[in-house]
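Q: Sharing a structure with you now.
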Amino acid sequence: GVLLVALVIAAATPFALKATQTVTSDSFALDLPRGSPIEAAYQAFATAFGLGALYPYRLLVVPPPSSPPLSATFFDDSQVMMQRIVSRVGGITIDEVQGLTTAYGLNSSWPLVASCLHVEPAAALRGGAVGAVGAEPTGEPLCALLNASVAEFVSADRTATYFYLLPRLDPVGLPGVPFLRELRAAVDAEAKRLGYTMHIQGIAAVSLDAIVGVYDAFPQMSLTVVGIVVVFVGVAFRSAIVPIRCVASIALSLCFVYGLAQLVYVDGWMEWTHAAGFARSGALMWIAPAMSLVICAGICLDYDIMIGLRVLELRRAGMSTHDAVLRGLCDTGRVVTAAGIVMAISFSGLLASNMTVVNQLGFYLVVAVLFDTFVVRSLLVPALMGRLGEANWWPLSLSSSSSKAPDASGSDDEPATVGEVWQGEGNEGSRT
């Protein structure tokens, strides 16, 4: 028993260590059906313009009243500001910035903008702010363009402006995480230097922040699942050891499947199969590990309770714990195995999908079911229960001769429910 437990744990340990290196992403490519027109359009757009054009960042800038957006001071300061920001951030150049004061690497001329907005030349030379809001364009094509830029990039009350940042990298993919971190650091530094209020907005920022929030809460979610399992299983079996064993065995299954998913979809372990459902994607879609935790835990717990309940029933009927484990495994083995196979076949349909995120979710579920069915419940759990012996039921002390043991043929009774097993100290093993 000890050797078997040690072998199972030793075999699963490398996968558990790999699970700690899980790489997640929100790349749109993981959501798109392979070979579909929308995927072709996505790839063509990314090649031509860069994915930053699909998910642009907007940098909102609110300068102090002394240097509003339509002033020479702001034009000069913001042009230097954007140069300093892009110099500190990898993955973007000044050519990939659009705004009123700078666009595609070219700085706008404040005197020209001021003249198109009917600012007095003297005011323009002094660097004064524009007084006429919503002035009519002069009719010249350049002024029409500049007035359109003012309408696009400057707020109606002329107190704020924004810039588009269009990096060629994938803002919601793996490169997007360090990019956003560096961008925020650079923006914060410039805001402090100039006394500006600045905010970063965009789908990528919202998405990456949401993912960070989910995974920051992941330990709490895991502890919540553990707490629920410990309380309900402990109450059902009236044991302090059974829920601990349940949690440990479920954790082993989860560590194995999380590590194997990392090896398959990030490291490309199954590229040799040339199966689209196992193709290397470079990252796991962030929602797959998050969703799989509670689903896989529930499935694994269900199988554990099936076996544990039958063993407890037999033990209270008079068998020794060792014999009850053997008989319980025989009684429930076919049911658990059949249930695992049926569930694995059902979930395997997800592996045939043409969407990577669906493949990954299916992989988690199929591997969790198979590993739990054929390794954990068939080998590890019986070995642990047999080794623990009467300690399984601690703090209760069960008599070894409560009543007549069931017939070895297994033809006497079907497995009882938890309530039937615990219906009374003076009536162990009976059925209602």
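Any Cβ shown, glycine's included, is placed from N, Cα and C.
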Q: Give the range, chosen from 34-56, 172-194, 333-355, that TrEMBL lists as transmembrane segment.
A: 333-355
Q: Have the transmembrane segment (361-380) and the transmembrane segment (221-240) got at least three CB pairs under 8 Å, pairs 6 or more apart in sequence?
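A: No, the stretches stay apart by this measure.
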Q: Report, as numbers and ranges, which residues of the same chain sit near the transmembrane segment (221-240): CB under 8 Å and 6 or more residues beyond its ends.
A: 246-247, 250, 293-294, 297, 301, 305, 308, 312, 392-396, 418, 422
